[in-house]
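Undergrad: The structure that follows is given in the form of structure tokens.
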Amino acid sequence: MVVPIGINGFGRIGRLVLRASLENPECRVLAINEPFMDVKYMVYMFKYDSTHGRFKGTVEDINGEFVVNGNKIHVFAEKDPANIKWSSVGAEYIVESTGLFLSTEKAGVHLKGGAKKVVISAPSTDAPMYVMGVNEETYESSHDVISNASCTTNCLAPLAKIIHENFGIVEGLMTTVHAITATQKTVDGPSGKDWRAGRSALSNIIPASTGAAKAVGKVLPALNGKLTGMSFRVPNCDVSVVDLTVRLEKKATYEEIKKVMKAASESDKYKRYIGYTEDEVVSTDFIGDTHSSIFDAHAGIALNDNFVKLVSWYDNEMGYSTRVIDLLVYISKKN
């Protein structure tokens, strides 16, 4: 069965989810809802990408139809998601990627239009969160609206899981050095309660809050209350990096930790989600990398055998978007 997908919102994640879907023969995007672009502009935005480069296939506007690699994708232009008739084009699994409808109630309106399941491409206020390689096996088919968590949680959770299963995590702090996102400002401007967030993304390293570390406790209950963290937003268009500093229950040399992470990256269970490198890499080396988390063996350090700093990279756009597709395909099989 080819999973029939609809995408609500054709922004950064929406467009990259479409790109990711084209690399997975188990799914096909049948429809996109985008009320703020006409088809010609959608073609342009999909064809040219300042970060990931020009789309290597074909994308056309043919008589008002959005056509990618010869396949027509129906375009809706509904501002109210409750009015999208997904069933009219056979789209059953919906990606909610507007960033606006983050609760079970708000994202659940897609079900009125014929959707069977909805995956929110962001942390949700109340929907169950799943991270591939971590807790997807706990998914229950009764859950119609779920969340793919955040890009940072997708990087951190697999790393934390493997370390905890092998050495035990007593407690830890995470910092993500995070690329800029669309919510930030190019020049200084007003920003409500978070004044620092209103400063220019192009000129500053901006400390910010993140719920990514605490969210690990939701997908890995054994670590609930043991992790917290923060973010530094940096002037970088894509690719972020997690710095996880943990106190271990079981003594381990850094070489032993490296061996465990390398083995995980080569295992059938984790190799799609976890990468491993001993190269002298920098952030641009990971643009387009579809792993959730790439362990940097040469970047981490140990103070002693119980206290270590671990470093793992992630393409916060392409890696995350690929996981959205993986989650959709996974739940379709469970259903």
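Cβ coordinates come from backbone N, Cα and C, glycine included.
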Undergrad: Out of N316, N335, which does Swiss-Prot tie to the same NAD(+) site as R12, I13, E34, K79?
TA: N316
Undergrad: Among R196, R233, R247, indicate the single residue that Swiss-Prot lists for the D-glyceraldehyde 3-phosphate site containing S150, C151, T152, T181, T210, G211.
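TA: The candidate from R196, R233, R247 that Swiss-Prot ties to D-glyceraldehyde 3-phosphate along with S150, C151, T152, T181, T210, G211 is R233.
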Undergrad: Given the NAD(+) binding site residues R12, I13, E34, K79, N316 in the record, what is the largest Cα to Cα distance, rounded to whole Å?
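TA: Farthest Cα pair among residues binding NAD(+): 27 Å.
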Undergrad: Roughly how many Å separate the Cα of G211 (D-glyceraldehyde 3-phosphate binding site) from that of C151 (active site, nucleophile), to the nearest whole number?
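TA: If we compare the Cα positions of G211 (D-glyceraldehyde 3-phosphate binding site) and C151 (active site, nucleophile), the gap is 11 Å.
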Undergrad: G211 (D-glyceraldehyde 3-phosphate binding site) has how many other Cβ neighbours within 10 Å of its own Cβ?
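TA: Result for G211 (D-glyceraldehyde 3-phosphate binding site): 16 other Cβ atoms within 10 Å.
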Undergrad: Please give the D-glyceraldehyde 3-phosphate site's span as the largest CA-CA distance among S150, C151, T152, T181, T210, G211, R233, to the nearest whole angstrom.
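TA: Between the outermost Cα atoms of S150, C151, T152, T181, T210, G211, R233, the distance is 16 Å.
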Undergrad: If you measure from the Cα of K79 (NAD(+) binding site), which of the recorded positions S150, T152, H178, R233 is the nearest?
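TA: Ranked by Cα distance from K79 (NAD(+) binding site), first place goes to S150.
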Undergrad: Where does E34 (NAD(+) binding site) sit in DSSP terms: helix, strand, or coil?
TA: coil
